[in-house]
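Visitor: I have a structure here, written as structure tokens, and I will follow up with some questions on it.
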Amino acid sequence: MESIWQLINEWEIQLLVLLSFIIQVFLFFTGSLRRCSTNGLLRGTMWIAYLGADVVAVYALGFLSRQEDAIMENGTLRRTHPLAFFWAPFLLIHLGGQDTITSFAIEDNNLWLRHLLNLVVEVTLALYVFWKSTIWRNVQLLVPGIFVFVAGIIKYGERTMALRYGNLYNSRSAGSSFFNEKTPQMGLDDGYYGFICFALLWASGIRMLFARRMTDDIDNQFERPARMNALFFFDEYATNTLDHSQLIKLLDVELGIIMYDDLYTKAPLLRKRSGIILRCISQVSAIVALVLFSITSKKQADRYGRADIVITYILFTGGFLLEVCAVIMMLVSPWTWAWLEAEGYRRLASISRFLLSSKVFGLPETRLLWSGTMGQYSLLSYIGFNEQVNLSQRVMSMIRKMAGALGIGEVKKLFWVSKLLDTKSEVVDDKITEFLVEEIRHFTHGGQRQWPHLGPFLKETVTLRTDFVTTISLLHLITEIHLSEVSASIAGDIGGDSAALANVCRKLSNYMFYLVVAHPASASLLLVAAGSPESAIEKVRENFLAVVSSSKDDTLHAASVEIRKLVELPLTERYEETLEELKNMWLRLVIYAAGKSRPEAHAAQLAKGGELITFVWLLMAHYKLGDCGSERIDLTQARGNDPDIPPRALRAFNL
């Protein structure tokens, strides 16, 4: 065991440098995956790697600063790893991070000044390590070391600048410089590349929306022709030209290519000429250093250990290959194609468009720029009335029974366990996006819905409840019970359209409850709730169990019978009409919640795979709907009919 520790101590710096490089490779290839993934394991692994990358590199620099190289009388080095000091500038390159990920969370961008201070400190430390070594006595190794230092300082500086540009409230966004450039003359009716040009043209406007700027401010910010402003705030032309799938793809481009890249990658730097020039200097410096080192290592191979030379080549060639991959990724970026096209570089633009449209990278029209899923959580799972159809639900049932048997199991204490095990995801299908687009367009024309079946229940629930959490919880519970009764009543004879409608109702209901439980900051102004969301949901659970306890049977069917005695929700042979009203009710609740949500919460969610409510919010902003627009949406009329509170022009429910 002692010999093993001795071996580790002897090779510690080599292991640290290789570990630092491996982490950078991992971050490069996983950095772009998180935009279209909600996988918790991937996020957790990336979080550890993101934090560990800086820790390992800084520790390695500190380790080198404590080492001493001594020269014996015959001029040879006493230490066995003289090349270790040559790796200090490589650690600066690693601290500069990868193009695909500069910040793990939106809050990291606010710390760009701290990263600037770290840049000064770490560069000074690396220079100190380089100076105290014997490399400076060897001109043949000193020159390539200087070139690597140039590359490392530029790389680290890129990360600091990317964090600065990623700050939502930074008035000098890198995208704003492109805003004033000409873009290829293509319209919204020119397909996917028209969407790209439109999104690039309005990149600054989109960013301003996420920075909590009002749509009227954006309308007046830039000296654009009225026709172009009308296109951004979807006029009749855009409404009549684009169907729901095209609108969703346009929003996908705006969120995935504009906002995600702006906030979480180095893409903003590479949209500026200065950034491109610095990147070229960095790459040329690294290549020159590699050539010079290869010459030196051949001439002085006897002075350096073979393993150290191999590690140095790994750092050089590995870094070079990562940069080649970064260049390819830049070439397949819509930003690059549009810039080359606008600047008149036709041949390069053709190459970029060919790569962008290549099946190797996936057709751009079908390429996912977000997870494409919506979270699902049912109140029945929390209560314990859900069907145990998968492993996690069976595990939750066992935990609930064990907790009850041991006397430690009030259900509310197991709420967080239920959220972890019972939360799942469903694909956002075309039906849901189509219904949402239609309902938002219905709002723009001031349209109201009639509620012949749900009216009395909605009036009692929506109008009289004091907080949004309780309202959502009750509506969600009634929806679950009603859908189960519909399925039981028709005994499997439900038609295809009605089955799809029931599926949409369940998905939207579970999604809204998921937002209330898992992402209350994104759901709405939940701070008006009395206490935490958990306390409001707990009250609903207790009331439900009180109703169930009055029945001889504790099944969901018995609970629904008892609840029907308290709630007038008619189930007739015209169940399709009731399902249609339920669908419209949940669509309007999603739209209301999106209109009341905070833009910065949506920006933060982009790093976690994105949320459906973000698409709804951005589409509403294009139509000037919601709290960021000129047409705000209230849940219903002002409570209490207070004459001092004028009714809103648009209401989700006109009861």
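Cβ coordinates are placed from backbone N, Cα and C, and glycine is handled just like the others.
TrEMBL entries are annotated by machine, without manual review.
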Visitor: From the ranges 138-157, 398-417, 518-537, pick the one that TrEMBL records as transmembrane segment.
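Guide: Checking TrEMBL against the ranges 138-157, 398-417, 518-537, the transmembrane segment one is 138-157.
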Visitor: Quick one: do the transmembrane segment (276-297) and the transmembrane segment (192-210) have at least 3 Cβ pairs under 8 Å, skipping pairs fewer than 6 apart in sequence?
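Guide: Output no: the transmembrane segment (276-297) is apart from the transmembrane segment (192-210).
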Visitor: Other than its close neighbours in sequence, what residues sit by the transmembrane segment (85-106), given a CB gap under 8 Å and a spacing of at least six beyond its ends?
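Guide: Distant Cβ neighbours of the transmembrane segment (85-106) are 13, 17, 20-21, 23-24, 27-32, 34, 46-47, 50-51, 53-54, 57-58, 60-61, 64, 67, 69, 118, 122-123, 126, 129-130, 132-135, 141, 145, 148-149, 151-159, 162-163, 166, 168, 263-267, 270, 311-312, 315, 319, 322, 326, 329-330, 600, 603-604, 607.
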